[in-house]
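Summarising the annotation, Swiss-Prot assigns compositional bias 'Basic residues' to 1-20. If you look up Swiss-Prot, you'll see 1-388 marked as region 'Disordered'. Residues or ranges marked as compositional bias 'Basic and acidic residues' by Swiss-Prot: 21-64, 71-87, 96-108, 140-186, 264-296, 310-330, 348-364. The compositional bias 'Polar residues' annotation in Swiss-Prot covers 126-139, 247-262, 331-347, 366-388. The transmembrane segment annotation in Swiss-Prot covers 410-430. If you look up Swiss-Prot, you'll see His504, Asp534, Ser619 marked as active site, charge relay system, on the strength of sequence analysis. As annotated by Swiss-Prot, domain 'PDZ' applies to 680-733.
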Amino acid sequence: MDIGKKHVIPKSQYRRKRREFFHNEDREENLNQHQDKQNIDNTTSKKADKQIHKDSIDKHERFKNSLSSHLEQRNRDVNENKAEESKSNQGSKSAYNKDHYLTDDVSKKQNSLDSVDQDTEKSKYYEQNTEATLSTNSTDKVESTDMRKLSSDKNKVGHEEQHVLSKPSEHDKETRIDFESSRTDSDSSMQTEKIKKDSSDGNKSSNLKSEVISDKSNSVPILSESDDEVNNQKPLTLPEEQKLKRQQSQNEQTKTYTYGDSEQNDKSNHENDLSHHTPSISDDKDYVMREDHIVDDNPDNDINTPSLSKIDDDRKLDEKIHVEDKHKQNADSSETVGYQSQSSASHRSTEKRNMAINDHDKLNGQKPNTKTSANNNQKKATSKLNKGRATNNNYSAILKKFWMMYWPKLVILMGIIILIVILNAIFNNVNKNDRMNDNNDADAQKYTTTMKNANNAVKSVVTVENETSKDSSLPKDKASQDEVGSGVVYKKSGDTLYIVTNAHVVGDKENQKITFSNNKSVVGKVLGKDKWSDLAVVKATSSDSSVKEIAIGDSNNLVLGEPILVVGNPLGVDFKGTVTEGIISGLNRNVPIDFDKDNKYDMLMKAFQIDASVNPGNSGGAVVNREGKLIGVVAAKISMPNVENMSFAIPVNEVQKIVKELETKGKIDYPDVGVKMKNIASLNSFERQAVKLLGKVKNGVVVDQVDNNGLADQSGLKKGDVITELDGKLLEDDLRFRQIIFSHKDDLKSITAKIYRDGKEKEINIKLK
């Protein structure tokens, strides 16, 4: 950097010296301003701060002038020192060493006295303020800190100065400055300590002081440490360097152990301040390397930036020296005692300096570093995330370790649990199946009982074969055919079998072929038959023990919808023992039957309706309930187009009454009143007028003929009488009249009839015997 008068220094050295100069000057001004205006509000303080920045340009000019004067004086001192060295080299080696030592000692003590005088003047100046102690200690601390900074950078600066002085740069700026004043303040504390140390030696102290006074009058030139290093290219002597390190170690030890927390707070505050004014500066070396290529003469940056970087660099240097001097504390314990009072003073000055820095920052109105706060929040969030990840990793490691230690036991435990679940499911399924099987068994038991009873019924049903000329099944069929039917063994006495069947099955033949379920056949004899009930009894003899008589049930307790089985031999022997299933479809049915095949119904048969399959050959077969008991005998079936499963059976209670008479008598005696009748529904209009029928009479019978001396004649019936009621029951036709009369075949008592004669209603009693 060219600062005029052919003085050239490196950019980095120029900037560093400029920062140090501005830092020391601004620190003194700010401390004084704080003491004078501590009771003024923030507005006034901000105005004062702005005035300081306005004066920074003047400071910049003063620095250049001071530095220029200093460099001129240094060149003169260098030339004089070279001349003295050439003279001293001509003498003896011992004399040269003595003179050189005395010269250095005298120059150093002269600087010490000058610094003492300057300190005295400063102390008088600061006593005028209300808090002189605070300002003095803060200034001493700053000066000692600057001295340590300069001593740490002296090697780098010396080489750079020597190199740049020989080769000036074309782009450097011209600056004139007197650096002597700034160096005097920075070296005063070190020289004062040396004088105090020498004064304790007694006589040696007085002699040295006199020499210093005499040399001072002669104006012996004093070289600073940096100048001496530039000329001689040698560091400080070993005793001086050791004393300097001891003093710095004692100060750092007191600061570190007593006010560690305050320094950490100050460091965080200055780091926040640094983020407002300058980019991040890691150390002085990197900063100098950047400054070698960038020239920045902004006064504001030079005022604010050095104070922050200076404090950071001082702390780094103090920490380094503190670590190095810990190993020397035992050897230097005696000397350390002498510096305890000075350490206490340094501690107090450090505390006051920190307070002053904080007040200065408040006066400057610096805003908090929001970027640093954001970075701190981001760091906290990152640390929480890392802790969460670490926790998860710890859990994973614990689980993995647990698995590696106990995996065989865990596998066995899991297998046991799975086995228990499977067995439980199996047992539940088995129990469910058992319950279902129980229900099925109950149904199966019933069904098995039914089948057992059906099998027994099959053993009681036989085939009855007879040749007949006509088929009496409904509908009427005039074609002659071989009649094949079924019969039921209702009674067995020894080897004698009593079989009930239909009258139209046996026909007119006395002997019938009886075939059993085991295909054995015998010839049976007809004991009796009744065409009005369509029942017949056949007697047969057989020693076959497989033939069983059937159990008799009760037809009076039949229930609509009751399950039934029909056992018979449809279509003959080839399909004997056929069992069909159905229900009772109807009760108390009156079925018209044509026995003589003259296309005129002869009788109303009282029966119950079933829907089981009945085919030709089932006539005379058994109708049994679920218990296998006989409840009826198949009698008829309606054979008409579009009609299915409409069959009828004679109730077993009626069958029992008839078969008893057929066994003993061979026939059934019915009462005969001796009349012939016509149905009113079949009369034409002339016949209706002849009998003088009223319009309201729709149903009934008209007496067409009366036998002489018959029961009807004896009862008073006449031809032309219209009977509408008999025995309290309405008459629909002549079949119903015969049915009511035959129903009294057992008691033969007289019954009341309601008649119309000559259009007049009348009642008469009809005799049945």
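Using the three backbone atoms N, Cα and C, a Cβ is placed for every residue, glycine included.
Swiss-Prot feature annotations superimposed on the structure.
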| residue | record | CB count, 10 Å |
| --- | --- | --- |
| His504 | active site, charge relay system | 26 |
| Asp534 | active site, charge relay system | 26 |
| Ser619 | active site, charge relay system | 30 |
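Only residues 6 or more beyond the boundaries of the transmembrane segment (410-430), in the same chain, are considered here, and those with a CB under 8 A from a CB of the stretch are 403. Rounded to the nearest whole angstrom, the C-alpha distance between Asp534 (active site, charge relay system) and Ser619 (active site, charge relay system) is 10. Separating the Cα atoms of Ser619 (active site, charge relay system) and His504 (active site, charge relay system) is a whole-number distance of 9 Å. For the domain 'PDZ' (680-733), the DSSP-based tally of helix, strand and coil residues reads 14 helix, 13 strand, 27 coil. Under DSSP, residues within the compositional bias 'Basic and acidic residues' (71-87) fall into helix, strand and coil as 17 helix, 0 strand, 0 coil. Note on the domain 'PDZ' (680-733): mean pLDDT across this stretch is 82.
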